[in-house]
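Colleague: Dropping the structure in here first, questions after.
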Ligand SMILES: *Cc1c(COP(=O)(O)O)cnc(C)c1O
């Protein structure tokens with residue numbers, strides 16, 4: 001070691017970092033927050049399979065199967081359906097950069113962090129962004145949507161189906177029809193709801209829909225399902241300017257994913273292991289059935305609501321019909337430090353009780369039971385741990401904490 005160090009000094013190479021000579025530290029944790037959720041062993045095993053080349057026929061077949069799985073999860077026949085190589089944000093960026101051209105009027109229905117983020121991204125593409133804002137926890141009515149479309153006459157509109165900062169699930173029926181009649185492209189974010197709540201891309205006339213892999217699909221983060229319908233493809237084809245991201249250009253991606261009937265060309269190296277995992281996560285969804293999977297999430301949500309009520313705790317979203325079945329914000333009672341209670345749950349039980357996000361930070365816990373984690377016993381355990389943590393906090397003198 002000493003000789004090696006001297007050698008390094010002589011040639012002035014940085015010494016090797018000692019930290020990398022130790023094994024990685026990763027305790028097993030129960031990830032009952034807004035994602036990532038725990039991966040089932042089957043998905044983890046898929047990640048460990050030997051690599052194929054990113055343009056080998058066997059990998060193309062896996063990509064084709066992923067496409068079919070995404071079409072099923074989205075309930076769409078759209079040909080241009082694939083998985084972006086990146087997390088949910090990459091799906092969001094892809095939706096923005098392919099649909100938005102400079103000076104396009106973009107209406108963003110915003111009642112939480114995801115509306116804010118979308119507006120930020122659209123601004124980066126020089127759109128004329130009009131934010132229609134509501135307080136966290138609120139949903140937009142068809143009347144709100146119609147008024148905004150009449151007033152702003154946008155060419156693109158965004159709304160989050162799963163506003164995971166407030167844990168609201170925005171009703172979508174009718175919004176797509178309104179956008180269509182106003183000649184406006186509707187982009188919807190369903191990252192936190194896909195698989196856990198009904199989604200009908202075609203029936204609901206959604207033009208662009210994107211999601212993520214690490215929530216209900218219980219895969220590692222790194223693949224973002226996305227689909228564009230014919231209206232969205234027409235807007236893409238009619239662009240006067242190039243898509244500003246090469247990596248996320250749906251023309252190129254559609255070719256790599258075999259969606260345009262042309263021979264597939266190298267665009268980028270598909271993240272092989274992430275795609276194996278997504279293929280496995282989608283297989284599990286298909287085996288269980290979409291409706292059964294959604295029912296399992298709703299059942300867990302109902303057990304959670306009942307348990308919270310017994311404990312005198314209140315979900316942040318008052319109207320049951322507007323709650324996300326996958327993720328629930330729970331109001332932190334007066335006099336309780338949410339962070340200390342979460343720390344208690346992590347230290348003692350390795351259970352993640354996540355905090356709020358954006359404007360809900362500090363005011364709520366967000367409890368998520370997604371995919372592999374959506375099991376009644378996990379919900380019951382979490383309820384017990386939350387109760388124990390709150391009692392522990394109430395009974396501990398502040399100075400001892
Ligand atoms: C988690 C989430 C995202 C972002 O996904 P990343 O994988 O973190 O990039 C986007 N939208 C919603 C609604 C989410 O819940």
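Backbone N, Cα and C define each Cβ position, glycine as well.
TrEMBL: automatically predicted annotations, no manual curation.
Below are the features I grabbed from TrEMBL:
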- 53-375: domain 'Aminotransferase class V' (DOMAIN)
- 215: N6-(pyridoxal phosphate)lysine (MOD_RES)
- 366: substrate binding site (BINDING)
Colleague: Using all protein chains shown, find which of the recorded positions 215, 366 scores highest when you count other CB atoms within 10 A of its CB.
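Modeller: Counting Cβ neighbours within 10 Å, the top one is 215.
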Colleague: Report, in whole Å, the straight Cα-to-Cα distance of the residue listed as 'substrate binding site' from residue 215 (N6-(pyridoxal phosphate)lysine).
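Modeller: About 14 Å separates the two Cα atoms.
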Colleague: Should residue 215 (N6-(pyridoxal phosphate)lysine) be counted as helix, strand, or coil on the basis of DSSP?
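Modeller: Reduced to three states, the DSSP call for residue 215 (N6-(pyridoxal phosphate)lysine) is coil.
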Colleague: Average pLDDT across the domain 'Aminotransferase class V' (53-375)?
Modeller: 97
